Amino acid sequence: MISISFLNCFFLVFLFLFFSDVHGSYNGLGLKPQMGWNSWNKYACDIDESIILNNAKAIKEEGLLDLGYEYIVMDDCWSKHERNATTGRLEANPDKFPNGIGSMAKKLHDMGFKFGMYSSAGKYTCAGFPGSLNHEQIDADTFADWGVDYLKYDNCFNEGKSGVPLISYERYKRMSDALNKTGRPIFYSLCQWGEDFVWNWGNTIANSWRISGDIFDTFSRKDVRCPCETIECFALQGDHCSVMNIISKASFLSSKAGMNSGWNDLDSLEVGNGGMSFEEYKTHFTMWAILKSPLILGNDVSSMSPMDKLIVSNKELISINQDIGTNPAALIWKKKYGDEYIELFSGRLSNNDWVVAVLNAASEPLKMGIHLSDIFVDALGNAEHDWLATDLWNNNVKLVSDRIRANVASHGVQVWRFQQYKVKNTNDKFFSFNKH
């Protein structure tokens, strides 16, 4: 009998050989991570046309559309519980969407947005509404007729068609092919929860792919409903996953994303939903930005506080997230401190700039000194230069010749944009940190 591990390995080798010469997005979309808003984190099933349009209106009035938040994505619970008995098509719940989905899509388009829909690659959606498994083409045609620009495609009630990468790939490819046959450009966002090594094959059929179970509005609290701590646990991702849990999984996947493939999706943002502190939300947004996750708001934008708006409006971090042609920042090291970790990330940007971030997951503030030889471990020639480092939260600029010093709050992050200044003489370099 052929083992599951053998099938997994065979399929991964097949993908590498078959797609090694593929360049660019599979459908020409998603050359940078998508930005927008999704209804699920805040509203779950409690959605209707007014909620969707009011959030879109607030996004535009707050200037967030101008910053790139262009997709308005309606999540689960929008449809009737049964398909149309005559046509077989999905239909909107008339109590929630009395004017129909196409009418709402037109209103969003007229406001300058792109419109996103939700379905599942299963018999039912996660909330028990009709799914698209075995109905891919008729549903894709319906979405295209409604003017849909984006599809979030979930993984619930998949009838056991998972557990082996090839099986999951084929199930999700059916909708990919169906969307492409419509002739309408539709961004394809897999919500496959990181199962079956989706980061190894998602880029061949989609524009982004989830790498974890559902996010929960907490920084680092462990939850038995999110049993996986690392990406190796690929078959039981669960939900109620903390920000740090998801960062831990994403940290090892920087090579799997980019303009020539697609994007690791760390799930929608929780900023503004009230479960974390200001410092923790800053860390949440910073790490999503530099890891080049999609930046999808998940709050009630119409009641967003000035501090929450400050976080999601950080133009410098958004520009790094949207920097075309660059890959996610990479985890350089992860050092134990107490029960938690201190982590260093760096990544190349356009014009030979770099993004550098130090994350302090510990329960106390720390003073740190990070040396250039650590930051540029993959490009040591850069350690021979002086650098101008701009703090991307307070805009302070400092000259860095040997190491950069930082006071990092508990559950906080310090993030800089490094710009080359001049060549210098080298000194001995080391890493150190001390209690604040």
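The backbone N, Cα and C atoms fix where each Cβ goes, glycine too.
So that you can see what the record holds, here are the features copied from Swiss-Prot:
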type	residues	note
SIGNAL	1-24	signal peptide
DISULFID	CYS45-CYS77	disulfide bond
CARBOHYD	ASN84	N-linked glycosylation site
DISULFID	CYS126-CYS156	disulfide bond
ACT_SITE	ASP154	active site, nucleophile
CARBOHYD	ASN180	N-linked glycosylation site
ACT_SITE	ASP214	active site, proton donor
Disulfide-bonded residues listed as CYS45, CYS77, CYS126, CYS156, least Cβ neighbours within 10 Å: CYS45
Residue among the active-site residues ASP154, ASP214 whose Cβ has the most other Cβ atoms within 10 Å: ASP154
Nearest-integer angstrom distance between the alpha carbons (Cα) of ASN84 (N-linked glycosylation site) and CYS77 (disulfide bond): 16
Just to verify a number: CA distance, the residue listed as 'active site, proton donor' to ASP154 (active site, nucleophile), in angstrom, no decimals. 11
If you rank the glycosylation sites ASN84, ASN180 by how many other Cβ atoms lie within 10 Å of their Cβ, the lowest count goes to ASN84
CYS126 (disulfide bond) and ASP154 (active site, nucleophile), distance between Cα atoms, whole Å: 8
